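Report on the structure given below.
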């Protein structure tokens, strides 16, 4: 539901942005900032949600007996809330920074922060799924030995 909400926010805001800016002869800086904010907010929340889903899958496969004891609906809702809060904290400065520092902030975020986060999350996802593949291979061998 969190991924769907993120996609809906992005889509609705993108449609509104397109409808408003199509009728403007010049660019409106506040609309551009708002669009970048929502674009980056939903992207960051998507990354965080995909990470949480992958982490839950990894935990379910690696620790199947602990999974049901540790992960409750409350823990899941808290994780989703934290994911959205982290996405908001990562991007709120886009809306509040002064005009003078705005371009410098965007340059830093686009050239360092976002690629770094993308690489880090992708690395964690890769490690988790390689670990899942190794466990699945060992389990398949164990099942084949019992035949």
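Cβ coordinates are placed from backbone N, Cα and C, and glycine is handled just like the others.
What TrEMBL records for 1-92 is domain 'G-protein coupled receptors family 1 profile'. Mean per-residue pLDDT, taken over the domain 'G-protein coupled receptors family 1 profile' (1-92), amounts to 79.
Residues or ranges marked as transmembrane segment by TrEMBL: 75-97 (among others).
Outside the transmembrane segment (117-138), and at least 6 residues removed from its termini, the chain residues within Cβ reach (under 8 Å) are 44, 47, 50-51, 54-55, 57-58, 61-62, 90. Feature annotation from TrEMBL assigns transmembrane segment to 117-138 (among others).
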